[in-house]
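Working notes, beginning with the structure itself.
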Amino acid sequence: MDIQRSILIVALAVVSYLLVLQWNKDYGQPELPAASASMNTTQGLPDTPSASGTSSDVPTAQSSAAGSEAADKPVAVSDKLIQVKTDVLDLAIDPRGGDIVQLGLLQYPRRLDRPDVPFPLFDNGRERTYLAQSGLTGADGPDASSAGRPLFRSAQSSYQLADGQNELVVDLSFSHDGVNYIKRFTFHRGLKADCSDKEKAQKKIECINENAYQVGVSYLIDNQSGKTWSGNLFAQLKRDGSADPSSTTATGVSTYLGAAVWTPDSPYKKISTKDMDKEQFKESVQGGWVAWLQHYFVTAWVPTKGEQHQVMTRKDGQGNYIVGFTGPTLSVPAGSKVETDLTLYAGPKLQKHLKELSPGLELTVDYGFLWFIAQPIFWLLQHIHSLIGNWGWSIIALTVLIKLAFFPLSAASYRSMARMRAVSPKMQAIKEQHGDDRQKMSQAMMELYKKEKINPLGGCLPILVQMPVFLSLYWVLLESVEMRQAPWLGWITDLSVKDPFFILPIVMGGTMLIQQMLNPTPPDPMQAKVMKLMPIIFTFFFLWFPAGLVLYWVVNNCLSIAQQWYITRKIEAAAKTA
């Protein structure tokens, strides 16, 4: 019995520690600052010299008549940001280089009490630097010019996806030395028209187009000069070292905020900012992706499949962290045209869409070392939600199904506890008989177990077998963006944050107290005191846990109480009639 209790206490302590480290909430995101194009976006580009410097492998750019004549009736020719809006994205493009410097997620409000303020993903203001950069570098690439990055022209200063329109194309043009460039952004409608407003509000995966948060980026190079053009396509994500504004924990430990890449040896390789502080990462990769992760959301560049790219991470002179890639050398003969493209994903961690975009990208939903158990659990939870339409009730239904699946193991555990409870008077007598002689008391206990055919670990091992599944479910509820701002009923308007009135944690503590009353009292006084404190300790921890986690624990405890009460009464009744 001592061994059983000790193992259970250690297991519960480990689970509690892991849960505290994984607990997150989504308050405190800063407002999107006013648009500003004055920030320096050249710093950190691959093989890019400074504006005042020169580079031995990049010729000095000089304007030409051919370049000026190729301009196609520009309207916006300034450093003013180009605004683009779809039904799911609200973003700004800096004409200086054509970088996406601001991006808000319209379907994911910053807070429930501010539904009109979208969650800010990209930002290049005074408080935070986080942007998606792409361009052409190399021998003739305009982004490698000593004069600085190219200033693109656009036909409009703002673009918006119209009703009934499924695709929005934004072209930026630039001409230099007889070469005409078009940087084309392609945006897509995010929500399906055949879904109701209620289904869209529930963010059902069936109502979200798979390319909703994908931005197609392509370069059209029209070489009208008298020589062959040569350059390389690059893309990168640049972020400063500030904390994730959407994720903090009760202990001050943030969830993973950093880079990740796909490599042939690892479909999901995390590269933290600490790793970038120590050394650069470089590897030649065919296809794959590079990404920057934060709680619930991810941004990723996905190059053309089949092409060889140089993936790298580094830290620039301004303290920004960069993850990106450079593509193979492009060669455009005089009088020819070439197009090269890639895809940017910027949005929530929707596993189905991420997996379809590029293999391994769905692993950015980081379920920890038990991901192989967590992913099937999430798959089942998502299918239940497609039928029920409420994540709170879906959690309850999933808890019931898991409890049914482990019913035989749980029943074995409770039967063992019931037998221990039945012989507890004999155990107490042994304790009183041998007093402080622990060796004799242990020998007498083992003889009692053997005589009564009781396995002291019989009630513990079944619980330990189930623990990986329970822990995986916790991580599913913690890391899945579907839980963010998802209501259940009544006062629970967001399953991803704490219960505002602490009702569920108090109920959870009550269920733990009832469970304790059904279990036999430990013979060791110290263990008995520790077990009595467990409901209080857990209630305190769970006061700040996401309501979805506490809901799972409450339902699981209630089912366990019912099962244990039934089995215990059945065994006691059989003992009386024997």
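Sequential numbering from 1, following the chain as shown.
Note that Cβ sites are derived from N, Cα and C of the backbone, with glycine treated the same way.
What Swiss-Prot records for 37-66 is compositional bias 'Polar residues'.
The annotation region 'Disordered' is assigned in Swiss-Prot to 34-72.
Per Swiss-Prot, transmembrane segment is recorded for 3-23 (among others).
Annotation source Swiss-Prot lists transmembrane segment at 361-381 (among others).
Taken from Swiss-Prot, the feature transmembrane segment applies to 387-407 (among others). Tertiary neighbourhood of the transmembrane segment (387-407): same-chain residues 199, 202, 204, 377, 380-381, 462, 466, 469-470, 473, 477, 482-483, 486-489, 492, 495, 548, 551-552, 555-556, 559-560, 563, selected by CB-CB distance under 8 Å and a gap of 6+ residues from either end.
Under the heading transmembrane segment, Swiss-Prot lists 457-477 (among others), citing sequence analysis as support.
For the transmembrane segment (500-520), the residues of the chain that approach it from at least six positions outside its boundaries are 1, 417, 420-421, 424, 491-492, 531-532, 534-536, 538-539, 542-543, 545, 547, 550-551, 553-554, 557-558, 560-561, 564-565, 568, judged by C-beta separation under 8 angstroms. Residues or ranges marked as transmembrane segment by Swiss-Prot: 500-520 (among others).
Feature annotation from Swiss-Prot assigns transmembrane segment to 535-555 (among others).
If you look at the transmembrane segment (361-381), the same-chain residues 6 or more away from its ends with a CB under 8 A from one of its CBs are 22, 256, 260, 262, 267-268, 289, 291, 293, 298, 300, 302, 345, 349, 351-352, 354-355, 394-395, 398, 401-402, 468-469, 471-473, 475-476, 479-481.
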